[in-house]
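Student: So that we are looking at the same thing, I have put the structure below in structure tokens.
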Amino acid sequence: MSIDKSYCGFIAIVGRPNVGKSTLLNKLLGQKISITSRKAQTTRHRIVGIHTEGAYQAIYVDTPGLHMEEKRAINRLMNKAASSSIGDVELVIFVVEGTRWTPDDEMVLNKLREGKAPVILAVNKVDNVQEKADLLPHLQFLASQMNFLDIVPISAETGLNVDTIAAIVRKHLPEATHHFPEDYITDCSQRFMASEIIREKLMRFLGAELPYSVTVEIERFVSNERGGYDINGLILVEREGQKKMVIGNKGAKIKTIGIEARKDMQEMFEAPVHLELWVKVKSGWADDERALRSLGYVDDL
């Protein structure tokens, strides 16, 4: 009697902020797990996304963007989280953007050169490159930087060549038992996912107006007798002016954020959601390591 083989491994998705790492993760999983927004630093936790297909289970670690600015406690912790996730994986997907190459990309590359894991280079947003003639020389430049396992031009947004990345990942998964049941897509708690959804809506509807000094704490997450969830979210900002910005004129902004967040939660939790949001000023939290620990920013380090 033959025992079927199974394959399982951890894959880190790394790159500087805003190159499309979260969008790629969501595409690889076939649904939204990691929050995506055009603002840098939207991913603050190492979210694990799990994709199981037959005998193959790929466990994706979505890192915060490695970036050079290390002044604030939150930035230092995010950089530490990103660096630590590179160290304990079977494979790394290094995401860069089109024909752009920055000192931050160089810094990530230097960290990868120190590691032992093979690296796939995903050149994202190739559909946005205006001068297509620039692409080939740039790919040749990238190929000369490191001995990459493969270099794949992709568009995480449209899905172009994402299946190629997935196929390379499957091919390099070691023989191992699966860590998670096959219907799992993330090991993050519903409470954590609720806070991420609210934070995404804050980023989306406040855009460049709102600095990164905003976080979300879920104060209450309980099942109700209607078969759904009652969720209370506390939005923490650093200044009174930011609080007014989040609330908006006559509460219009926070109402929109709440409506959109509730829709996403209901889709993710497959149950009705009653969501209430509050905004509170807590000055200096992004500089205070103790406050960051209490908000779960270092729970996995």
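Using N, Cα and C of the backbone, Cβ positions are placed for all residues, glycine too.
Features from Swiss-Prot:
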BINDING   15-22, 62-66, 124-127  GTP binding site
DOMAIN    7-175  domain 'Era-type G'
DOMAIN    206-283  domain 'KH type-2'
REGION    15-22  region 'G1'
REGION    41-45  region 'G2'
REGION    62-65  region 'G3'
REGION    124-127  region 'G4'
Student: Determine the Cβ neighbour count for Lys21 (GTP binding site): the number of other Cβ atoms within 10 Å of its Cβ.
Tutor: 29
Student: Among all protein chains shown, how many Cβ atoms are found within 10 Å of the Cβ of Gly15 (GTP binding site), not counting that one?
Tutor: 26
Student: So, by DSSP, how many helix, strand and coil residues make up the region 'G4' (124-127)?
Tutor: 2 helix, 1 strand, 1 coil
Student: Name the residue among the binding-site residues Asn18, Val126 whose Cβ has the smallest number of other Cβ atoms within 10 Å.
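Tutor: Each of the binding-site residues Asn18, Val126 was scored by Cβ atoms within 10 Å; lowest is Asn18.
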Student: Across the whole of the domain 'KH type-2' (206-283), what does the mean pLDDT come to? Round it, please.
Tutor: 86
Student: For Lys21 (GTP binding site), what is the secondary structure state per DSSP, taken as helix, strand or coil?
Tutor: helix
